[in-house]
Amino acid sequence: MDLYEHQARELFEEHGILVPRAEVTDSPRGAREIARRLGGRVVVKAQVKTGGRGKAGGVRPAADPAAAELTARRILGMDIKGHTVGKVMLAEPVDIDREFYVSYVLDRSAGRFLAIASAEGGMDIEEVAATRPEAVARIPVDPAEGVTPAKAARIAEAAGLPPQTVDVLVRLWQVLVREDALLVEVNPLVRTAQGRIVALDGKVTLDDNAGFRQTRWGTEAAEHDDPLEARAAALGLNYVRLDGEVGIIGNGAGLVMSTLDVVAGCGARPADFLDIGGGASAQVMADGLSVILSDPAVKSVLVNVFGGITACDAVADGIVRALDEVRLTKPLVVRLDGNNAARGRAVLDARAHPLVEQATTMDGAARRAAQLAATT
Ligand code: GDP
Ligand code: MN
């Protein structure tokens, strides 16, 4: 779960990292009031869970409360990379001398964390990382040792950050540990004209597995970032949206994972992970199909089921009833195997839907779905 910038800012402040004074509102009138409280001049910042707000026009200075109201009116409701701006944060402007980049991120493959830091922070850090990787220091952090002042000093030195950033690096690690975060990122971390080190932007991703003990953000942050994921969650589906074109439905997380791999092996990209679990009722199938079909990127759908306790004919019945409920707009490839597979296939054959075809193997089904996605 990602936090909004204003929530990250709050955590930084609690852990003793300097942040600009700021408040959040969902109305232009509120923005005027806040600007007044903050002394007139402010920076108006869209609160959306995506980066690149500055380049999209979602971060704008305002010279006085009236300008803050106008600016908030422009930014509220704006679309930034598919995220609608519902709130703005108004922050006291900071006089920037230098911009740095610092983050800690879980490196799953190494079983460690990684400190990433650069003396060239700001809006173009991705470009710096791509064109001049040597300007970005990447230092492994052992989770058991953490970031001590000595470790922080090594990170700062490797990245060419001034020594005053060491304290922030230690505190930022404490944010990560105490808040159960998988990522904390500050870009830019700035040195102000007065020589203070201030976190001007923040991104924090919490580990959902620690949700049981990190309840303070409640429902606001628990909102799904993706509208289709939100709809799927409301329907009780085990759905993760991916960025490909072959919709995937399967029973059992392991089978769905391997289906993603096989589809990728056929040169196509999976559009989602959807595990309909053991029951595979018509309702779950209909709900799953309807979520997947409303993803405009989806070109074909692959249903891969291995019948176990829930036999294939029951799953096939579910698919047939789902087809009555959901208007199929894209080709559907079904592979049924395992318990009662022959009966299940007969049920689908009898339905004879023009957009539904069957395959007998997982590889064959994936190949066909990939082919359909490439030609439709
Ligand atoms: P992002 O584009 O989503 O990463 O949003 P940021 O919060 O990082 O803001 C984008 C850029 O706006 C920053 O890199 C800064 O250069 C600039 N910016 C943000 N707040 C201030 C401020 O208080 N003063 C000044 N001078 N620049 C700011
Ligand atoms: Mn930023």
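Please read every residue number as a count from 1 along the shown chain.
Each residue, glycine too, has its Cβ placed from N, Cα and C.
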Annotated companion of Gly52, Arg53, Gly54, Val94, Glu99 at the ATP site, TrEMBL, chosen from Lys45, Lys87: Lys45
Fewest other Cβ within 10 angstroms of its own Cβ, chosen from the binding-site residues Lys45, Arg53: Arg53
Can you give me the average pLDDT across the domain 'ATP-grasp' (9-223), rounded to a whole number? 95
Fewest other C-beta atoms within 10 angstroms, as judged across Glu99, Asp201, which are the binding-site residues: Glu99
Give the number of CB atoms, excluding that of Thr310 (substrate binding site) itself, located within 10 Å of its CB. 21
Largest separation between Cα atoms (Å) of residues that the record links to substrate, namely Asn251, Gly308, Ile309, Thr310: 11
I want to verify one value. Collapsing DSSP to three states, which class is Glu99 (ATP binding site)? strand
